[in-house]
């Protein structure tokens, strides 16, 4: 009888990626099939996130519901992974002794063995260590699920922003070897993937070891991924202003596969608050990056992260943030009220901002960004947009759902054989959360690009004179 696996995922795209790898791993090693029904499952896995407030209590509430299932089905295996597991492993073991397996983001590759150990020893197994990049060497070959795919290129963060738990839960920055990243993407491309999103807590800090002992920069990686046959659209998330150098900006000038949309977190427009956050940039330095980007790619649209109500944030600090939002003209944002994370320096900062004031600031910020986003959407009316068809529309199964470069969903009438392909559509209507379009042309009429090899892309990126001095020639 086939064993069933349920994975519940909270948090960022890195967690979504990790959960997909857990499913691949347990499917390949033990023949588990995914289910969405907890009552059918033989293994229940919770992949957790510790970014938001009350993350731990949310975990224990979910585990309490699963405990009822385990009481009725004693052989049921319950596992907790992700950042809360790393941060609160011992506490989980004490408060929820019925949990069989506790693992961190860096040890998910050991999951099959940990499950077997818990079953044979009939006692909980925990491994929340940081074995750096080892997990990627022990995962099965990637399996494509549609025309888009996420690929993790690095783990961890070494910036230690005062509000953030990532360095403590995922470790410091470790880059995957270049060949491993390219091979995974090439495998996905062979399975029909057309768009790749490179993942990491700080992707532009990527420094991937190469087979010749050299180091590949993020800019070089972008060009090489863009050269892989079949990959026609390239995204990345999340990046950091500190390492968003001119070499990365130059990629926007000569690599059309890289989309005209960038998520670049700034968190605040107040230099005083940025200093308290240990963000090593000013608002002006951030705007300087955006100016260079728009010179390289005039139509690029920018999204960002914002924290309001950070301890000590005054009305002026908040207005500085609002000014930055208007000056940069952000298209989208992920914005939150500050939530103290245990173990971070900011958790000890005194805060006397009334809760209602925090909520009012958040509402004002979101209203401003939403109005800017709607204006951008209206500018797309009656224009042609190249979109990647992802599948049936979620609102009308007789229509198709596609995505623009600037991350907007477009619904349009078309046949199912267009799924996984690029098409051009004319935007005919604009809504708050989506667009409507009409099919103009299909992929066979496009002539998307001339294929270049990775070696040709590297030659384009790296040239050295007789003294060994490198120059970039676009």
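Using N, Cα and C of the backbone, Cβ positions are placed for all residues, glycine too.
Just so it is clear, the model here is predicted, and its values are computed rather than measured.
So that you can see what the record holds, here are the features copied from Swiss-Prot:
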- 12, 49, 83: [4Fe-4S] cluster 1 binding site (BINDING)
- 157, 161, 164: [4Fe-4S] cluster 2 binding site (BINDING)
- 3-120: domain 'MTTase N-terminal' (DOMAIN)
- 143-375: domain 'Radical SAM core' (DOMAIN)
- 378-441: domain 'TRAM' (DOMAIN)
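Other Cβ atoms within 10 Å of the Cβ of residue 164 ([4Fe-4S] cluster 2 binding site) number 21 in total over all chains. Taking the Cα atom of each, residue 83 ([4Fe-4S] cluster 1 binding site) and residue 164 ([4Fe-4S] cluster 2 binding site) are about 12 angstrom apart. DSSP gives residue 161 ([4Fe-4S] cluster 2 binding site) a coil state; it is part of no helix or strand. Put plainly, the binding-site residues 12, 49, 83, 157, 161 were compared by Cβ crowding within 10 Å, and the winner is 83. Closest in space to residue 49 ([4Fe-4S] cluster 1 binding site), of the binding-site residues given as 157, 161, 164, is 164, taking the CA atom of each residue. Across the domain 'MTTase N-terminal' (3-120), DSSP assigns 65 helix, 23 strand, 30 coil. Highlighted in sequence order, 10, 11, 14, 15, 48, 50, 51, 82, 169 have their Cβ within 8 Å of the centre of the Cβ atoms of 12, 49, 83, the residues recorded for [4Fe-4S] cluster 1, and are not part of that set. The [4Fe-4S] cluster 2 site, placed at the center of the C-beta atoms of 157, 161, 164, has further neighbours from the same chain whose C-beta lies within 8 angstroms: 159, 160, 163, 165, 166, 167, 201. Residue 157 ([4Fe-4S] cluster 2 binding site) and residue 12 ([4Fe-4S] cluster 1 binding site) have their C-alpha atoms 14 Å apart, to the nearest angstrom. Residue 161 ([4Fe-4S] cluster 2 binding site) sits 17 Å from residue 12 ([4Fe-4S] cluster 1 binding site), taking the CA atoms of both as reference points.
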